[in-house]
Amino acid sequence: MTTLSSLPSARQLDRPPDLQVNGMTKQFGRLMALDNLSMHLKSGSFHALLGENGAGKSTLVKCIMGFYQPTAGELLLDGNPVQIGNPRDAHRYGIGMVYQHFTSVPAMTVAENLVLSRFGGAGIINWKAEIEALRAFMSTSPFQVPLETPIAQLAAGQKQKLEILKQIYLHSRILILDEPTSVLTPAEADEVLGLLRQQVSAGELSILMISHKFREVMAFADEITVLRKGKFAGSGAVSELTVADMAEMMMGEQKVPTPVQKTSLPNATPVLEARQLGANKDNGIAAFSGIDLTVHSGEIVGIAGISGNGQRELVEVLAGQREAAAGEVWVNGERYTATRAEMYRHQVCALPEEPLRNACVAHMSVAENMALRTFDRPPQAKGILLLLQAIRQMAVGLIGQFSVKTPSPETPVQNLSGGNVQRAVLARELSTEQIKLLIAANPCFGLDFAAVDFIHTQIINARNRGVAVLLVSEDLDELLKLSDRLIVISDGQFTYQSQTTTAEYAAIGHAMAGH
Amino acid sequence: MAEGLGWWGVPLAIVAGTMRGGTPFLFVSLGECLTEKSGKINLGLEGTLLTGAMTAYGVSYLTGSPWLGILAAGLAGLVLGSIHGWLSQQFRVNDVAVGIAMIIFGSGIAFFFGKPFIQPSAPQLPTLNLAGSNVSPAVEAALQISPLFLLGLAIAPLMKWFFQSTRWGLYVRAVGDSPDAARAMGVSIFKVRMLSIMAGSFLAGIGGASLSLYYPGVWTERISSGQGLMAVALVIFARWNPMICLWASLLFGGAQALGPSLQSVGIKQGYYLFNAAPYVLTLLIMIVTCSPKRTLAGVPGALGMDN
Ligand SMILES: Nc1ncnc2c1ncn2[C@@H]1O[C@H](COP(=O)(O)OP(=O)(O)OP(=O)(O)O)[C@@H](O)[C@H]1O
Ligand SMILES: [Mg+2]
C-alpha cells in the first residue's frame, strides 16, 4: 500500500493517474446504496456515469472522495491500492470533485474561497501576494470569475464555473463532476464542457462526470458506466452506443418518450392575474416590478430567463413565501395573498425550485412531508387529532404512484437522492384531483430522463384537464416543448411575449440577454 | 465623585462608566462573536461570566495575585466552553437549549463555590492613570483605566484580522456559513466549532474577571445582571463584526452608566428607569434589526441550525 508521505503531491503529477474501483459497497442502514460496483477510469479519458435518480451515482463518487467510508471495496491508483479517508487525502492523490450542490462559502469572496480551498499552506494569508497570484492564475484559466465578489452575489452559472476553476487551481488531475450542468444554460454547458474536453484531449486531465443529459454524454464523453439500483448495469464506449442503448441499460427495459398531446379547450377563463406586481430581493433591492401577467385555464405559460433575473422571487410571491412590494394578485376573480386557506380554497399548487429547502422540512419523514398540505383536514385529521395511520397510508399510495425511491415512508426526506426529493414534493402537490392553478419552478432540475418524461406528462395532463399552469424554467427546450405562451424575463421585466408556435429562437435569446 | 464638577460630572461619569461598564460587554461579545461565527450560539456565556467573576475573585483572594485570578477565570471559561461545545454538537441537540442549561449550571457553580468569597476583599487589578497629575481628584478618579480594557481594545481588531487574514479564521467563517462546503474541503466541523466555543468562553471568563476585579470590583451573586445575555443581542447589532462589537460594547457600557451618573448630580426621578437603559436598548435593537423582508447582512449562514 502506498502511504501518503511517499506520494508525489498533486502539483507534481504530470499525467492523470489511472483509477480503478473494485467491488465498492455502501450500506445506509438496511439500504444497499451501492452493491459490489466496479469501474475503470482510464488515464486521460472523459467517463460518464449514468443511472436513474437514486441509483447510487453520488454515493459512488463520494466514496471515491473519502466523503463517505465504503462498507467494502477498494480503490486502485495506477494499480496500487490506496486508502482515502477524507477529501483532503483525495486531493493529495490529485482527485478533486465538484459536488451536486455548491460547496463555496456564500459569505466569502471568490478570492477567499479559492485560498480556503487550498489545503494546508501558511497560517497567515498575505493578501497582497495572494491576489497577485490569483490574478495571474485567472489570466491563464479557461473561464473568468471576478475575484472580489462575494459568492452570494454570483449567478448560478458563475458559481459553477468557480467550482470547476477551484479544482484547476488545486491542480487536480482526476476531476469528478456531479451533474455539473444542471444549473447552466445549454450554451454555458457547452462552453464549460468544451474547455474541459480540450484539457482531457491534451492528456492533462481525466474526468468522471455524472449526468442525466444524453446530449452532453454523446458530445463530450469517451466511455460510460451505468448504475441501476446500486449495481453495475453496463459500460461501453460512447462511439459504439446509441441513446436508446444507454436508456435501456439505465432502466433495464426499452422506453420511448411519451409524445406531447395537447387538446384545445373551449371557453378559457383567466385563473391567475397579476397586476403591476413587484417584489424585493433579500437585500431590499427590487427583484422585479410592474409585472402584468394572466394565465388562463387550460393554458401553460412559460417564463424563460437566465437564473437570478427575478424568477425566484416571482414564484415565492405567488407561493406565499415572500411579500409583494407592490401590485396585487387575483385568482379566480378574487384577491389572493397566498395564505394557506386561500391556496386550499382556490386549489393552488406550487413546486418551488430547490424543493428540499423551499418545500420540505428536511428532517421530517417522507410521509410527514407529503401530508403538509392536508394533515389538518379529514381524512387525515379528526378534530385536532392527527390520524397517523391515514397519513402513512396516503404516503404509501403516493410513493407507489409517483415511484419515489425511499427506504420507507419514515425516512427523513433529506436522505433521499436529489431527484426523489423532487418526486416527493410533486406527489404532494399533484395529489389533489381538482387543482386549478399550478405554479412550477424548474420542475425537472436534476431528474433522470424517465422522471422528466413523467413530470412533463403530468403537467400536460393537468393542462388538458383545464388547470392553469405557470411554468418557470431555465431550460428553454422544456419551455418550447410544454408551454402555449412564452414570456422572457430579464432584470425583473418581461422583455418578450409570444405564442410558442410563433416564437423566434433568436429573439428569445436576445431578450434573455437583456437587449 | 462627580459632585465637585457639577453638571460637567455627567459626561465625565459617562465616559468613565463607558470604559468600566463596557469592558465585560466587550469580552463577552467578542467571545460570542467568535462562537457565532462558527455557527453555534452560546447563551451559556451568562453563566461563564459569573463563573469567571467568582473564580477570578477567589483566586485573587487566595493567591494575592489578581493576574492569576484573570488567568484562572479564562481557564474556568475554557472548561465550561468545552462542555457546551461537546454537548451542543451531539446528534439532535439544540445549542440554545444547551445554552440555557449552561446558564443555570454556570451560575450554580459560581454561587456554590463563591459563598465563602462574598465577605472578604480580594486584591484588585491595578489601574493606569490616564489623566495628568494637575487635574482635580474627581477627574483623576474617573479616568482610571484598567489594563483589561486596553486588552479588549486590542483584541477587537486582532479578531477582525484573524477572520480576514488567517487560514484558521477562514475555517471558522466557512464552518459557520456553510458546513457542507467546509466538510467538502476536509475541515473538521466538530473541531473548529469546539475550539471556537472554547476560545469564546475563555474571553467571556476574562469578562467575568473584569467584573469582580475591576468594576464594580466585588463578588456578589447579582454581579452580572444579564450582561452575558445582552451580549448576544449586541453581537447581532454588531453584525458579527468584531470592530462593531467594540463600539457597541462601549454604547452598552455608556447606557449602563447613565443611571448612576445622573444620580451623582442629584437627579433622583426615574433612577430605576435610567438603570434599565441597557435592557431597553437590547429590546430596541431586537425590534429594529428583525424584519421578515430582508436577511441580516453578515449573519453566519448556518447559525443555530442542527448540523
Ligand atoms: N446519507 C444517507 N443516508 C441514508 N440514505 C442515503 C444517504 N445518502 C443517500 N442515500 C440513499 O442512497 C440511494 C442512492 O443515493 P444517491 O444520492 O447516490 O443517488 P443518485 O444516483 O446520485 O441520484 P440523483 O440522480 O437523484 O442525484 C438513495 O436511495 C438515497 O435515498
Ligand atoms: Mg446524485
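Glycine too: its Cβ is placed from the backbone N, Cα and C atoms.
TrEMBL annotations:
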type	residues	note
TRANSMEM	B:6-31	transmembrane segment
TRANSMEM	B:67-87	transmembrane segment
TRANSMEM	B:96-118	transmembrane segment
TRANSMEM	B:138-163	transmembrane segment
TRANSMEM	B:195-217	transmembrane segment
TRANSMEM	B:229-258	transmembrane segment
TRANSMEM	B:270-288	transmembrane segment
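Beyond the ends of the transmembrane segment (B:138-163), by six or more residues, the same chain brings 1-5, 9, 12-13, 15-16, 19-20, 22-23, 26-27, 30, 33-34, 37, 70, 125-131, 169-170, 172-173, 203, 206, 209-210, 214-215, 241-243, 245-246, 249 to within a C-beta distance below 8 angstroms of the stretch.
Counted over residue pairs 6 or more apart, the CB atoms of the transmembrane segment (B:195-217) and the transmembrane segment (B:270-288) come under 8 Å in fewer than three pairs, which marks the two as apart. Between the transmembrane segment (B:229-258) and the stretches B:6-31, B:67-87, B:96-118, B:270-288, the greatest number of Cβ pairs separated by less than 8 Å involves B:6-31. Beyond the transmembrane segment (B:270-288), the same-chain residues lying 6 or more positions past its ends with a Cβ under 8 Å from any Cβ of the stretch are 226-227, 230, 233-234, 236-237, 251-252, 255-256, 258-260, 262-263.
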